[in-house]
Amino acid sequence: MPSPLPVSFLLFLTLVGGRPQKSLLVEVEEGGNVVLPCLPDSSPVSSEKLAWYRGNQSTPFLELSPGSPGLGLHVGSLGILLVIVNVSDHMGGFYLCQKRPPFKDIWQPAWTVNVEDSGEMFRWNASDVRDLDCDLRNRSSGSHRSTSGSQLYVWAKDHPKVWGTKPVCAPRGSSLNQSLINQDLTVAPGSTLWLSCGVPPVPVAKGSISWTHVHPRRPNVSLLSLSLGGEHPVREMWVWGSLLLLPQATALDEGTYYCLRGNLTIERHVKVIARSAVWLWLLRTGGWIVPVVTLVYVIFCMVSLVAFLYCQRAFILRRKRKRMTDPARRFFKVTPPSGNGTQNQYGNVLSLPTSTSGQAHAQRWAAGLGSVPGSYGNPRIQVQDTGAQSHETGLEEEGEAYEEPDSEEGSEFYENDSNLGQDQVSQDGSGYENPEDEPMGPEEEDSFSNAESYENADEELAQPVGRMMDFLSPHGSAWDPSREASSLGSQSYEDMRGILYAAPQLHSIQSGPSHEEDADSYENMDKSDDLEPAWEGEGHMGTWGTT
């Protein structure tokens with residue numbers, strides 16, 4: 001019976017050596033990858049056996065015996081796959097696997113690996129060697145590639161056998177199905193190999209699987225041994241050395257994991273952050289692309305609409321500002337075709353006078369001023385006979401037109417020669433003018449027949465004097481007669497803006513087409529040297545005269 005002291009010491013060493021040394025919290029979102037390192041990054045690579053436990057389980061769910069570096073295992077839908085990265089020349093040979101259960105201590109052939117340009121070839125069956133004979137017929141056919149000096153090895157029952165060193169012709173390439181059936185693989189240096197224990201897919205079951213590498217000229221090498229157990233069902237995982245990776249984590253993977261390697265135990269706490277089922281489904285199926293693309297499209301449309309409305313508003317404001325600041329758009333001239341008398345919203349507007357018509361008007365004005373000096377103050381002028389009317393109409397084709405203020409040709413009166421047989425009423429505040437009328441008799445002259453004209457170039461302008469106000473005088477600011485006399489009997493638009501008042505409408509009781517009614521010819525009412533107009537009760541009602 002052993003003494004109790006050594007037993008207690010051994011138990012103490014076991015507890016001290018097996019207690020957790022480090023604890024690490026690993027947080028991952030649902031659907032992410034859980035990475036659990038068993039050793040720190042600075043630890044050297046060890047060939048010691050490691051085991052992974054979960055929770056309070058007494059049986060490890062994964063046991064791994066590392067072999068050569070650069071090897072890994074993948075547990076998934078195709079079975080348990082041995083992963084070899086960066087294949088080199090010395091990795092060619094026979095790869096055997098062992099499953100327990102059902103097989104125990106029985107190694108079954110898995111795959112032969114042939115590395116190109118390595119000088120070695122491996123085959124499971126001797127019948128496949130005939131296709132590798134490189135005679136003249138096979139060389140000329142072009143279906144094979146000569147590998148002169150390659151060493152050929154064939155598996156004979158439970159051991160490899162040297163077939164010979166004669167030249168062989170390796171096939172240019174074989175289909176994947178043929179390679180899977182024959183289990184002979186030819187790879188290029190630096191590629192990655194995925195080897196299964198049997199033809200994939202191989203169902204994954206709890207148990208153990210081991211791999212070994214056999215080469216006729218080198219000793220056998222144990223690669224990896226993996227044992228699956230535990231209470232939880234087997235799930236997809238990656239084992240790479242001392243690193244355990246659980247892809248697409250779920251809430252079932254949350255818990256505490258222990259890694260036992262030699263006398264060192266590493267504890268890992270895994271916390272899975274839950275996500276909504278819809279978001280998880282979108283991530284797994286790739287359906288998140290649909291709402292993201294829709295949202296991007298809506299944002300693009302909204303930005304485009306806002307930009308379009310902003311540009312449209314800026315364009316409208318710019319066009320309005322340009323129109324308001326353009327001096328050419330401040331005044332409008334209506335110039336319809338000459339002589340047609342087209343009616344529009346401005347009334348009976350004819351074409352504007354040309355330079356020739358302006359000169360004709362000036363000549364007629366000069367003749368009228370020389371023959372009848374007092375015709376400006378007569379508001380009623382008899383209409384001449386039909387012959388004179390037609391003659392006057394032929395001379396003045398422009399007819400009625402709006403006057404042009406600031407014109408170099410002088411201001412023109414408001415004329416209407418198209419309807420000489422009717423009474424004419426002036427609406428622009430200036431007197432009528434008919435330069436071609438003959439002098440009227442004394443019986444047809446009214447009280448304004450001997451009144452002075454607006455302007456006389458040979459006389460000096462009368463000084464403004466005070467005037468008397470009556471009910472016919474314009475109210476507001478004082479009226480300057482010299483300003484009235486500065487024109488040829490017509491007020492410009494600028495003067496009319498300063499003198500806005502309603503002219504008295506005086507109607508005559510006498511009937512007849514030879515009398516004209518006008519209320520605009522009261523120019524001499526405000527002369528300082530004349531007397532106030534007096535109303536006359538006899539004769540014509542609504543007229544006045546000077547005494």
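Cβ from N, Cα, C; glycine included.
Predicted, not measured: the structure shown is a model, and the values here were computed from it.
Reduced to three states, the DSSP call for Cys259 (disulfide bond) is strand. Marked as disulfide bond by Swiss-Prot on the basis of similarity to another entry: Cys38-Cys259 (among others).
Look at Swiss-Prot and you will find Cys97-Cys197 (among others) tagged as disulfide bond, backed by similarity to another entry. Cys197 (disulfide bond) carries neither a helix nor a strand DSSP state and counts as coil. Counted within 10 Å of its Cβ, the other Cβ atoms near Cys197 (disulfide bond) come to 22, all protein chains included.
Sequence annotations record features per position, and here Swiss-Prot assigns disulfide bond to Cys134-Cys169 (among others).
Per-residue pLDDT, averaged over the domain 'Ig-like C2-type 1' (20-113), rounds to 80. Taken from Swiss-Prot, the feature domain 'Ig-like C2-type 1' applies to 20-113.
Summarising the annotation, Swiss-Prot assigns domain 'Ig-like C2-type 2' to 171-271.
If you take the C-beta of Asn56 (N-linked glycosylation site) and look for same-chain residues 6 or more apart in sequence within under 8 angstroms, you find none. Summarising the annotation, Swiss-Prot assigns N-linked glycosylation site to Asn56 (among others).
Annotation comment: Swiss-Prot describes Asn86 (among others) as N-linked glycosylation site. A C-beta separation below 8 Å, combined with a sequence spacing of at least six in one chain, links Asn86 (N-linked glycosylation site) to Gly70, Gly190, Thr192.
Its Cβ placed at the centre, Asn125 (N-linked glycosylation site) has 13 other Cβ atoms within 10 Å. Per Swiss-Prot, the feature N-linked glycosylation site maps to Asn125 (among others).
According to Swiss-Prot, the N-linked glycosylation site annotation covers Asn138 (among others).
Here Swiss-Prot flags Asn177 (among others) as N-linked glycosylation site, drawing on sequence analysis.
When secondary structure is read from DSSP and collapsed to three states, Asn220 (N-linked glycosylation site) falls in the strand class. Marked as N-linked glycosylation site by Swiss-Prot: Asn220 (among others).
Annotation source Swiss-Prot lists N-linked glycosylation site at Asn263 (among others).
Here Swiss-Prot flags 330-355 (among others) as region 'Disordered'.
Marked as region 'Disordered' by Swiss-Prot: 376-461 (among others).
As annotated by Swiss-Prot, region 'Disordered' applies to 472-491 (among others).
According to Swiss-Prot, the feature region 'Disordered' maps to 505-547 (among others).
Counted with DSSP, the domain 'Ig-like C2-type 1' (20-113) comes out as 3 helix, 48 strand, 43 coil.
Ranked by CA distance from Asn263 (N-linked glycosylation site), the recorded positions Cys38, Cys97, Asn125, Cys197, Asn220 have Cys38 at the top as the closest. Distance noted between the C-alpha atoms of Asn125 (N-linked glycosylation site) and Cys197 (disulfide bond) is 18 Å.
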